[in-house]
Structures are given as structure tokens and as C-alpha cells.
Amino acid sequence: MQTPERAQPAHQTSVPDLARMRRQYAEEGLAEQELAPDPVAQFDRWFTQAEQAGLVEPNAMVLSTADAEGRPSARTVLLKGVDERGFVFFTNYGSRKGTELAANPNAALLFPWHPIERQVIVTGSVERTGRDETAAYFRTRPHGSQLGAWASEQSSPVASREVLEQRFAELASRYPEGEGVPVPPFWGGFRVIPRTVEFWQGRTNRLHDRLRYTAGPDGWTVERLCP
Ligand SMILES: Cc1cc2nc3c(=O)[nH]c(=O)nc-3n(C[C@H](O)[C@H](O)[C@H](O)COP(=O)(O)O)c2cc1C
């Protein structure tokens, strides 16, 4: 005789128990005395370690912006340069992020390096890179990406995928491989000039290390934050 299957509670799914998905964080901590004197040097160290750990696209970062009314938005972009002046990414100036940064030139960047139990969060003001710097980077991009920058009115609605592909095909016949593609006037870099940079290292028992650099008139100061 078959026993009737017991009814499953309505909410049960194949998704694992999210509440139990936690791990004990690394014993290796982050101590004040081992920090580099400035956050860009510290970022360089951690970025190298993220690369050595084999992270996929460690330069992928979540860029948060807000419009003039303070309404936030976020998306991933790629870090394409960093030095004492700041953190650089490239995009379409007419995109949502571009128009938000024109109205409110402040941003946050977050590097989500989960596999090594680290994150870095940068906040600061934003300026456009110079046209020379933009052109120098644009020329390093593959031909297809250069055409893609022209083809896409980033963040605007488009009727169909075919419309995009048609635009791309027209551009490809106008600028065949090997011929210089001009830099689109609506495309370029932004530099986030850091005001604060926080280095977060996961530790056991949720007693994580958080060390935050803040820019001041006499250079950088560092504070430890409660996790
Ligand atoms: C891994 C990854 C890297 C990306 N890198 C960039 C980038 O460097 N520049 C860019 O404009 N968009 C990049 N994008 C696409 C953006 O996330 C986003 O869709 C696009 O810039 C439009 O954003 P907006 O409408 O908020 O302005 C990337 C997306 C992913 C997933």
C-alpha cells in the first residue's frame, strides 16, 4: 500500500538554506601597523593578492551614483587605472551613470572580493579624465569594442537587438578593421578621487577587521571601525 506523500510546506524550494550559508572567515587579519601609508599603495598590495588568488576580474567594481535628488543606482564597471590621483573607469557620458555624475559628482566603488574574504570601498568626488587620457585608453580597446562604443546609446531604450546589430554593421563597413576609429565625443573616463577608502578583511566570529583611510589637510588618517 502506498502512503500518500506528505504535503510540502508551500514555501519550500530547492534553494539551499540561506541562513546557514556562512563560513568562518580567515584567521589572517589586517593590522594598523602593516598598512601602507596611503590607500592607493594598500590597494595595490591587495589587488596583487586578489590576482594571485586567481579571482576572475578582480578589477570589476560596483559603482554607485545618485541623482540630484539623492536617489541611488548601482552597476558594475571595470577599473582601468589607479594612481595617487584616483580610480579610473570608462563609460558613455550620456548613460544613466554619466548623467547622474554630471548632476551629482560623488560616487562609491566597491570591490567584492568574496573568495578571499575581502572588500574595498572607496568614496569620493568624481571628475572626467582629460580627452588625451581617454583617447590613449580608447586606442588600446579591440576594434569591435571601439565600434560598440559608437553603436550603443547606453541606457536608452532600443526597439530590438536587430537595431543594435544593424548599427554595428553600418559602423563596421564605415570603419573596417585596421582603420582608425575616432573616439566618440560622448564617451570617456571618470576618475573617482578618494575621500575615504575602507579595507575589510573577514575574521572569525564576525569580528572582522575594518580599517578606513580618510583624506585630510595633512594627509591620510586611519580609523578602525566596528564590524
Ligand atoms: C563585469 C562587468 C563589467 C562592466 N564594465 C563596464 C565598464 O567598464 N563600463 C561601462 O560603461 N559599463 C560596464 N558594464 C556594464 C554596466 O554594468 C552597465 O550595464 C552599463 O554601464 C549601463 O549602466 P547605467 O545605465 O547605470 O549607466 C559592465 C558590466 C559587467 C557585468
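The backbone N, Cα and C atoms fix where each Cβ goes, glycine too.
What TrEMBL annotates here:
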type: BINDING; residues: R22, R23, Q24, Y25, K80, Y137, R141, S145, R206, L207, H208; note: substrate binding site
type: DOMAIN; residues: 48-172; note: domain 'Pyridoxamine 5'-phosphate oxidase N-terminal'
type: BINDING; residues: 75-80, 90-91, 96-97, Q119, 154-155, W200, R210; note: FMN binding site
type: DOMAIN; residues: 187-227; note: domain 'Pyridoxine 5'-phosphate oxidase dimerisation C-terminal'
*Looking only at the domain 'Pyridoxine 5'-phosphate oxidase dimerisation C-terminal' (187-227), what are its DSSP counts of helix, strand and coil residues?*
3 helix, 29 strand, 9 coil
_Nearest-integer angstrom distance between the alpha carbons (Cα) of R141 (substrate binding site) and S155 (FMN binding site)_ = 21
*Does anything in the same chain, at least 6 positions from R210 (FMN binding site), have a Cβ under 8 Å from its Cβ, and if so what?*
E198, F199, W200, Q201, R224, L225, C226, P227
*Look up F90 (FMN binding site) in the DSSP assignment and report helix, strand or coil.*
strand
*Rounded to an integer, what is the Cα-Cα distance in Å between R206 (substrate binding site) and Q119 (FMN binding site)?*
14
*Closest of R75, V77, F90, Q119, S155 to H208 (substrate binding site), Cα positions, binding-site residues only*: Q119
*By Cβ distance under 8 Å, which residues at least 6 away from the ends of the domain 'Pyridoxine 5'-phosphate oxidase dimerisation C-terminal' (187-227) in the same chain are close to it?*
24-32, 35, 37-40, 42-43, 46, 80-81, 85-93, 101, 107, 109, 117-129, 131, 133-134, 137-138, 149
*Can you grab the distance from F90 (FMN binding site) over to K80 (substrate binding site)? Cα atoms, rounded to a whole Å.*
7
*Among the binding-site residues listed here, R75, K80, R206, H208, which has the most company in the form of other Cβ atoms within 10 Å of its Cβ?*
H208
_Secondary structure composition of the domain 'Pyridoxamine 5'-phosphate oxidase N-terminal' (48-172) [DSSP: H/G/I, E/B, coil]_ = 47 helix, 43 strand, 35 coil
_By a 10 A CB contact count over all chains shown, which of the binding-site residues listed here is most packed: Q119, S155?_
Q119
*Listed binding-site residues are L79, K80, Q119, R141, H208, R210; which sit with C-beta under 6 angstroms of ligand 1?*
none
*Based on Cβ atoms within 10 Å, give me the single least packed residue among the binding-site residues V77, L79.*
V77
*Non-local Cβ contacts of R96 (FMN binding site) (under 8 Å, 6 or more apart, same chain)?*
S73, S155
